[in-house]
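Colleague: Checked TrEMBL, it gives:
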DOMAIN    104-510  domain 'Amino acid transporter transmembrane'
TRANSMEM  202-220  transmembrane segment
TRANSMEM  232-251  transmembrane segment
TRANSMEM  260-282  transmembrane segment
TRANSMEM  302-322  transmembrane segment
TRANSMEM  334-358  transmembrane segment
TRANSMEM  378-401  transmembrane segment
TRANSMEM  421-439  transmembrane segment
TRANSMEM  445-468  transmembrane segment
TRANSMEM  489-511  transmembrane segment
Amino acid sequence: MLPVEESISSINRNDILKLGVSAGLNASDLSEKSDKLSVQSRSVKSVDDETSSLLMIESGNMAKEKWKSDCVNIRSNGKNEQTKRENAEHRLSILSIVYNPTAHPTSYLNTLINMLKGNVGCGILAMGDAFKNGGLFLSPILTCIIGIICVYNQHVLVQCSKSVKEKLKLQHNPQFAETVELSFQSGPQRFQSYSVFFRNSVNSFIVITQLGFCCVYILFVSKSIQQVLSWYNIQLDVHVSILISMVPIMISSLIRSLKFIARLSAVANICMLVGLVVILYYCTIDLPPLSSRSAIAHWTTIPLFFGTSIFSFEGISLVLPLEQEMKKPKQFSTPFGVLNVGMVIVTSFIVLTGFMGYLKFGDAVRGSLTLNLPEEFLLSKVVISSMMFGIICTYTLQFYVPVEILWPKVEQKFGPFRSPLLWETGLRVILVLITFIAADVIPHLSLFISMMGAVASTFLALIFPPLCHMAVTSADDGGNGYGVFSWRLVMNCVTLVLGALGFVTGTYASVYEIIGAFQKVVVTAAAVTNSTSVNNYTTALEAH
């Protein structure tokens, strides 16, 4: 076993998570601990368990070999030893997929494919409904503008990560939350006191966003179950279909092996891609004239368009890991690099899907284009079934992220536990129930997508990156890094204003529409009750 001061030099944080979220390690604490260790020449045995485990995680092969020996050498002489063995096996299962020295560096093409997989998800199927709220000709323009701003912010995030790494001479590549924290720590005095707050804010919004994705997936699966069963003359209430969908999703959420989850994700990607291609093909059949659709929607529905479109650009958390895993990271941010080329393809897919979906179905377009597929279409059942399976698998992957963020905090606050596996399983069950309750309370797919985009995705994609850039640039050269005529500062301010405006108006419009949808349900139920009462009264009179 190498001493800690030797292992620190080989730390590589981006090996711990490929899902685009921060591992939550405070870099300043790590730096302070490493300085003390180098002076006192202490070994791993004298370091607290949490710090040593983090160091082992980030030292790659050393950790892998260490945990292999843990799995072999630990004997089950009691509950504590059994717990240690299970934890060692779990950490080893994570490393087996996360750290692979031979497969770690990715080529330009592989990184591009990973970027497309990370951005093309459930949100793209809702773009038909988004175009209904924006208009057939206004929506493509607004989508391209939002796409350009998102790409700019992704470039800003990459630049900030490199800046803080060079400035603080870090041996690892900081991820999203740590980049935000270190940007404020290394910024002007007025920014430094907010560094921990913003790190926690990023992690909180990542958890909210990922659980929001899970809620959307639940609604997608439940609506699809309703649709398929209706073709067999079986009418289900939406709450019942949500309850039915809980069974496979709950089982999949208990999977702890990231290696197995990655395999499910590969299957999910194939299902989603095949389904999307078939849906686009169906949307090209018997198209109505362009004049039959609204060119520009009413201004009151445009905030709903904004929330859904921001939700569809869901891959900002993947930007830093993808860039750091490349064989030639410089190919990521060049004019024809992975980021620009990938986002052009993603934006084109989003515009094409939204345009064709709204043109084909008009105002009848649903929160997911799969819900508009008719029974008589030959491939409808195959497409819906395959996409349901793909979404369930994707739920497992998205659900892994908030668990990895929240579990260490739960363990730190309430631990140590005699049965960590039991407690982690309890946490997973609670989080799944929370997503199901949220989906059951708001069983409107399109409105839920719009609200999650306005509330959480806006902060991650439009608010945090420009704030980081302003903090780092102000600290580095007195603001001279903003370019000619301070165009970068202007772009940051425009992005912040757009993000704030989109957050306020999008959240308000989504909540307003959700309340309106509930009121319609109440009015309809009251009307049905009154109609039943009148019919019963009439029947009673006729009987007399």
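Each residue's number is its place along the chain shown, starting with 1.
Cβ atoms here come from the backbone N, Cα and C positions, even for glycine.
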Colleague: Would you call the transmembrane segment (489-511) and the transmembrane segment (334-358) in contact, using three or more Cβ pairs under 8 Å, pairs 6 or more apart in sequence?
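Modeller: Taking Cβ pairs at least 6 residues apart, the transmembrane segment (334-358) and the transmembrane segment (489-511) are not in contact, as fewer than 3 fall under 8 Å.
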Colleague: Using Cβ distances below 8 Å and needing 3 or more such pairs, separated by at least 6 in sequence, tell me whether the transmembrane segment (445-468) contacts the transmembrane segment (260-282).
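Modeller: Since fewer than 3 Cβ pairs under 8 Å link them, the transmembrane segment (445-468) and the transmembrane segment (260-282) do not come into contact.
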Colleague: Relative to the transmembrane segment (202-220), which of 232-251, 260-282, 334-358, 421-439 accounts for the most Cβ pairs at distances under 8 Å?
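Modeller: Selected stretch: 421-439, with the most Cβ pairs under 8 Å.
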